[in-house]
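Copied over from TrEMBL, here are the features:
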DOMAIN    42-185  domain 'SIS'
DOMAIN    218-280  domain 'CBS'
DOMAIN    286-339  domain 'CBS'
SITE      Lys60  site 'Catalytically relevant'
SITE      Glu112  site 'Catalytically relevant'
SITE      Glu153  site 'Catalytically relevant'
SITE      His194  site 'Catalytically relevant'
Amino acid sequence: MGSLPPSHLDITKENLETLFKSQQDLLNHFFKHLSLSQILSFSRLLLSTSGTVFFTGVGKSAFVAQKISQTLISLSFPSSFLSPLDALHGDIASLSSSDVLVLFSKSGATKELLRLVPCAKARGVFLVSLTSVPGNPLAGLCDMNVHLPLERELCPFDLAPVTSTAIQMVFGDTIAVALMAARNLTKEEYGANHPAGRIGKSLILRFDHKVENVKDVMKKKDELPVCKEGDLIMDQLVELTSKGCGCLLVVDEGHRLIGTFTDGDLRRTLKASGEGIFKLSVGEMCNRKPRTIGPETMAVEAMKKMESPPSPVQFLPVVNEDNTLIGIVTLHGLVSAGL
């Protein structure tokens, strides 16, 4: 750990509350003074573009431009970030007359962008400036301008770009969602663009035959912690703890599921019964109405069922049509599969 700050330095709850309220007020100014007609024209332009939507900016605005571009790419929109410096040293060749170039600039007076404009125009690209200072030179040079209303920066000197970049990000992300809705992008299409992590796994598992259904991730046969309802609880402790499921699956002679007995049930029984637990059978204390699931159900649905009210569970017995036990799917197993 680093050293503690000097005792005279501090951030109070009141300071933070004041700052967040001030930022909220500044963002509300942005929303209140937005021109919906400008936004509509900009959104329709991006939606109808046959080429690539390029984003550019300098400094903090460049980070916003890259982020918005990456968001559009993840939504299946052709997009790319164009560095103004790199563009002036060869990358300008990536622009064509079917493309749109969106320039983020708070002041609209950024020299690198002003130098880029005539070069981009020479290639026939459609130019859009997103600026916050009225009457700026960049807006006058572009084919379209969208004014992003900014009262001031939250910075006490009104210099550090903290509110202006927040506005740019909110604007860009909201436009991205509008385009997403206009294109009717489906969950499956979105998931196909995110094959790694929980977002993609939860959507793409249904297309991957190896882990499509519950039967592909469930434990079965000798992996199951099975017992009969007449078995004494104390005789089944090894079975309860050794299979890594956190429960016993209670079945009848036909291997049909009767109920479940969890390690939580064990603790509650021991607390309530004391030494009497040595005489109790599993069947006397088991849950006879456990949540279950079928083997052909999608794995992602098993996760949802585990997390559903009234309280989450860590496992689901897997049964067929006549309630015969064929497996168990656990939360750990689903997470290991990538959900």
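Cβ atoms are placed via backbone N, Cα and C, with glycine included.
Sequence features annotated in TrEMBL and their locations in the structure.
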{"residue": "Lys60", "record": "site 'Catalytically relevant'", "contacts (Cβ under 8 Å, 6+ apart)": "Pro161, Thr165"}
{"residue": "Glu112", "record": "site 'Catalytically relevant'", "contacts (Cβ under 8 Å, 6+ apart)": "Val58, Pro84, Leu85, Leu88"}
{"residue": "Glu153", "record": "site 'Catalytically relevant'", "contacts (Cβ under 8 Å, 6+ apart)": "Leu159, Ala160, Pro161, Val162, Thr163, Ser164"}
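On the 0 to 100 pLDDT scale, the domain 'SIS' (42-185) averages 96 in the predicted structure.
Here the domain 'CBS' (286-339) has, by DSSP, the following mix of helix, strand and coil residues: 16 helix, 15 strand, 23 coil.
Residue counts for the domain 'SIS' (42-185) under DSSP (helix as H, G, I; strand as E, B; rest coil) come to 67 helix, 23 strand, 54 coil.
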